[in-house]
């Protein structure tokens, strides 16, 4: 009788132990990392740069395989992540404010609650640039020109409903002036139009301007502190404009991830971020890093959604 | 700058890097030659694979594939009237009639020599003139690009074929297809029917494969024919080295088409197919016997093939210096640079001269290699492949078409879309609707529209902005000249005969 | 006119010009698409409306031309062009369409390599290449070659086989 009890208890223990080891064994198969853009884009390079570090810190000789699902400015990939099994074997890249803005301006099969927020790795602040030979080489002159005639200042940017567009809306509020949006498809054509002097000003990200400092005037950067990528660019706050905005790139998993899987992933992202080699690799690919882990990232997402909603309600862009 | 060029040479000449170019050229010719596969697809498949490779090996393969595919596309264009790449559409105009007359071998030799010449010119331009030409690119804002697109559309007139009504319907259909997707300026969706896959528009490869590769595959299976007796694939050629001196008479076309190819290359977003159409058109206009064109004039093949290769390296000038690719393939290649941490811009030339200038050398080598690999080896073996029994060839093309379209974005949706275009293409072909206007309409329609609207935005809705810059004025003058000159000369002739009669 | 006696079930056999059918389809298709432009903003709708209207006008012209041609054909003196022949062999054409549809569906359901390995010999055989050795050899070289390039060399995914999912 006692023996039987012991046996049952032992069986429980073993099975319980096995169950927990089964979970503790995560990851035990290949992890797919879904990227919503084609190979070679900024987001793709970030994913491929981080993959080997995740492999290292998750252990178990796991392989993290990048899968490109390009289309609809990342929406196809994000939707696939939202709809995947929450077992920790499907992760995906996540771009803000785009991912949240798409839930407002289009039909989207996901929302802010569809994800487990893992880590935001890149924060690429906006900058205002003007052509090198332009008279407008300071914020004051820009505001003056914008106020002189409504819509006289034409603004090149990469698309509607992105970080650059939201930044322009903030600028418009702060400076109390109207600007004419000229949405090119992509920031490189917008930057070239600026260099050719075809538009008055442009809004791009700091990573896209560092290689072109000699060809463009940079009026300011929309971050709290100056960027280590370009120490000489003053922040807007320094110049008396309360403007902070940027493009965020991070990683999410489907909502409902088991707790221990989530904590393992969070730990791996934290260790990766702290790895000096990883930081060096990100720097080399021109990605300004800033970590927001787990709950912090979730809060960041809510904040971005709030911003997008506010702008969508006051100034719908389509 | 030129010192950097010399410094970059030794690394390029290392065995591994040379091998990469050779493999790239061979792979490119194969990809171009197999109906359904395209350079865009091959490079996008290659890019993830090169992550972690030595940059010069990766870039060398891409340079090889790009050059190889631009020539390779002419092989099925000539032998089967299936352009292997979008840029080979114009090659089929005269190449296929030549093949039907039993001169397919000569057509391919003209194609390979012209391709190599275009490629060499383009590579030299990239090596020697990249920074000044990047300044030319900057002159082209939305207004100017709009006029270039209009200039390109003037070529439609010559592509309409015998039945103008049907030609116009084809062109309008092409423009309509180019409008599918999100309108980038208002953000509104056009004809996406709720499909996210359609938001970015319809990839030209999907349309091209559907229209051009599927109907002939159906045709191969449809014909009841004793396959053993047909020998249309026989090329009957003399050695390429003996054939070359005879081609020297095309030198004017080579020069003209190289200039057009390079020019179109440095313009953002225009692409190799537009270069080929334009230069075919210009060569025909300059020809003494324009009525022979479209019936098997080797000069037509030379014009088209020179310029679509002259476009390759030139398209990298805006890509490397400004980050704006000149062609769809250059756009994919830009991804190949980025994945190796090579950010485009002036700093690229300063920070990584070894790689950038090495890459330029690789383009030059790839172009030269075309003659050896393309002319001497690949062409004949592909002619053999295309002599496979027709039902088998048809079945293989169907499978290739699937791979080619599926691999671009890795999704079935594009395959279904391609099948739809295939059916449309089949009936268009049977009812004698010309296909080239569809391709030109797709390339230029939405492109012209978007730039026109950007220009108007910049001008605050004032149409006078379209003629504001000196560049725009020059372009308008060129368009007027090209469109009006033939009318004027006809009027002059009419007046002369009228006087003579009087 | 001689073509009218060929075995095509559509068009010519019934004396209907395929151009006429094409014209009607173009007008109807463009008209249907035109109704969808109403909810687009003005500038967005401009070019689609222009192109679709152009297609409708051109389609109507084509219909008109067919009708004129038909009337002229009643006149024995006229040299109106004979209507175009649409199908070389309609039965084969529909067979091919079914085969392609089955192939694509098969790839989506069963995986790329399995379906391709079956499709190539079956299609080649059914459509007239009756050499068992040739068919199987070509199948092996082609499917095997693709597998080597895509799976072994590039690690690129084509639709996964049903037994590997």
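Backbone N, Cα and C define each Cβ position, glycine as well.
Feature annotations, reproduced from TrEMBL:
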type	residues	note
TRANSMEM	B:12-34	transmembrane segment
DOMAIN	B:18-440	domain 'DUF112'
TRANSMEM	B:46-66	transmembrane segment
TRANSMEM	B:106-129	transmembrane segment
TRANSMEM	B:136-161	transmembrane segment
TRANSMEM	B:167-186	transmembrane segment
TRANSMEM	B:198-218	transmembrane segment
TRANSMEM	B:254-278	transmembrane segment
TRANSMEM	B:313-339	transmembrane segment
TRANSMEM	B:359-379	transmembrane segment
TRANSMEM	B:391-407	transmembrane segment
TRANSMEM	B:435-452	transmembrane segment
TRANSMEM	B:472-492	transmembrane segment
(message) Using a threshold of three or more Cβ pairs below 8 Å, and leaving out pairs closer than 6 in sequence, do the transmembrane segment (B:46-66) and the transmembrane segment (B:167-186) count as in contact?
(response) no
(message) With Cβ-Cβ distances below 8 Å as the criterion, list the same-chain residues six or more beyond the ends of the transmembrane segment (B:359-379) that contact it, or say none.
(response) 5, 8-9, 12, 17-18, 20-22, 24-26, 29-30, 33, 56, 59-60, 63-64, 66-68, 71-72, 75, 105, 108-109, 112-113, 115-116, 118-120, 122-124, 126-127, 235, 240, 309, 312-313, 316
(message) How about the transmembrane segment (B:313-339) with the transmembrane segment (B:136-161) - do they touch, taking at least 3 C-beta pairs under 8 Å (6 or more apart in sequence) as contact?
(response) yes
(request) For the domain 'DUF112' (B:18-440), provide the mean pLDDT of the predicted model. (result) 86
(message) Restricting to CB pairs under 8 Å, which listed stretch, B:12-34, B:136-161, B:435-452, is in contact most with the transmembrane segment (B:472-492)?
(response) B:136-161
(message) With Cβ-Cβ distances below 8 Å as the criterion, list the same-chain residues six or more beyond the ends of the transmembrane segment (B:46-66) that contact it, or say none.
(response) 11-12, 16-18, 20-28, 31, 39, 312, 329, 332-333, 335-337, 339-340, 342, 354-355, 358-359, 362-363, 365-366, 369
(request) Could you tell me what the rest of the chain brings near the transmembrane segment (B:391-407), counting residues at least six beyond its ends with Cβ under 8 Å? (result) 34-38, 41, 44-45, 82, 205-206, 209, 213-214, 216-221, 227, 414-415, 418
